[in-house]
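S.K.: One structure, pasted below without further comment.
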Ligand SMILES: Nc1ncnc2c1ncn2[C@@H]1O[C@H](COP(=O)(O)OP(=O)(O)OP(=O)(O)O)[C@@H](O)[C@H]1O
């Protein structure tokens, strides 16, 4: 209960009416006069002053210091003219307030009048040659070339030097962050374009070559971090997912998808979807913030709105080799009639056509490499897996084409563009069995076209010449050739037996085992990478704990808390780990020393180290075990006053 906080005496005081003292009441302007202009109790015993012209009445009331007995709140404008405010001598001597942003110009404080025009407008520094796909270095410029110094391990100072003045802070919880992450949608809402920040992919890259022939106990910085290529690839994928086009001409929002970024280039004439031009964009959903792939078929008016229902069965398919179908809708947001399909987005994926039939094809300088047989078997197995799920749902894929199968990871393929032809051909009377049989033929064509490096063979309009099969047979095993011929064969009208997906799967059993083994190896690798990062997480927490203790300006009203007792030894330990110098006074930036010291601290081993003060006057010999205890004691001391909440996460 709220009243229980007061003592009986206090409660009595609370309950008593806060009457003004009689001595002052005759000088105090009645608040009814102030509020209503008159007081109906004026002649009925009201003790306050009712004469507004009584010149000193206000001054008298204002001169009294404000306290709970103050009779009434007086708005500031009523005081003007009657009371001149004065500042204390201290306030007069105070330095005038200078807004930080304008301080460089000097005219803001100097002029006395704040002039917003005098402050230079903030211009985001967007690097012109920002190339999302640049490898190894940012914008294709090495740190040395850009004039920045490359830190051997962390490269943080080089980053600071190359960054534009207004840094993008991914952790800022303001609109700028949204603008950066949400792109044009938020840009249009806030009118502010967040500066795009190219990632420094070489950041944290350990220097020097990696020695493979080390004995198990000898470890290098490489052993403690995610492998360079994996880290870089993941960064690029994250970067691609967050990429925005601030000044694009695309609609701000289509349905509930915003921040559209095109993923392909326009193609005139017929394509996989007949005469409809298809556009692929990356877009972000307003509903859940996830990124999706938005495929728009331009200038398509649906005759039957029911046809959109054709995707319902597709939504049920969850398979590792099928790009999941999310939804389909018609849209006029692109200033025409468009049909839009939403699929899951797989950053930086390539179509098999882009991957295998490169643009330099046909050039006399390009040597044609045949695709390894194991990769072709892997494609067949993966697409077989996709077809098994699709056929089981009584559907047909109808999109096994080099331009619609996307490569989302190393040798990992997924059928993109599913469900589209089902919506377009909603009223088609072609039996499902025929369409499923067509899937086998499309798969055979795809493998043949990749194996012979002939894109045209993938198209159903092209008749497959015998020479193509012969060429294929010369490069690959008989088994693969036979399998492709089986896939391409059409049962004659007399034959009742149709090809069946389970029959294909059984025929591929030994190759499925290979795929399974490869996938287990990949999983092992992912796990071991995860384990490395797990160890790094422990070190990061330890560094954070030390950071909360070292150089703390004050704790528990003690300004020298961090300099005394155990904290002093921890400060010297910090110097021992991070601030070592060589005989000529140059910093020793030995990542191995830092990691091993922190790991020893984490483990609390018995090894003793020698900690010397900066002036070499004090020396401690302590074990990591003792240091670990000190860290725990000091950190617990810090966490104590605020309860468990304060140390959450450590
Ligand atoms: N689900 C997806 N996630 C991420 N990127 C995708 C996805 N689907 C397609 N892409 C990418 O979009 C780009 C264009 O795809 P699209 O299917 O239009 O290929 P295309 O060769 O342009 O075919 P078309 O002849 O039909 O235009 C390709 O680079 C592809 O990798």
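Cβ from N, Cα, C; glycine included.
All TrEMBL annotations are machine predictions without curation.
Bear in mind that the values here come from a model prediction, so they are computed numbers and not experimental data.
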S.K.: Ranges 432-470, 471-509, 510-548: which does TrEMBL label coiled coil?
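M.R.: Here TrEMBL associates coiled coil with the stretch 510-548.
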S.K.: What are the DSSP helix/strand/coil residue counts across the region 'Knob domain' (549-650)?
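M.R.: Output for the region 'Knob domain' (549-650) reads 54 helix, 14 strand, 34 coil.
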S.K.: Any idea of the Cα spread of the ATP site, 295, 403, 404, as a max distance in Å?
M.R.: 13
S.K.: Check the binding-site residues 295, 403, 404 for other C-beta atoms within 10 angstroms of each C-beta and report the one with the most.
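M.R.: Top count of Cβ atoms within 10 Å goes to 404.
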S.K.: Using the Cβ centroid of 295, 403, 404 as the reference point for the ATP site, which residues of the same chain not in that list have Cβ within 8 Å?
M.R.: 272, 273, 278, 280, 351, 399, 401, 406, 416, 417, 420
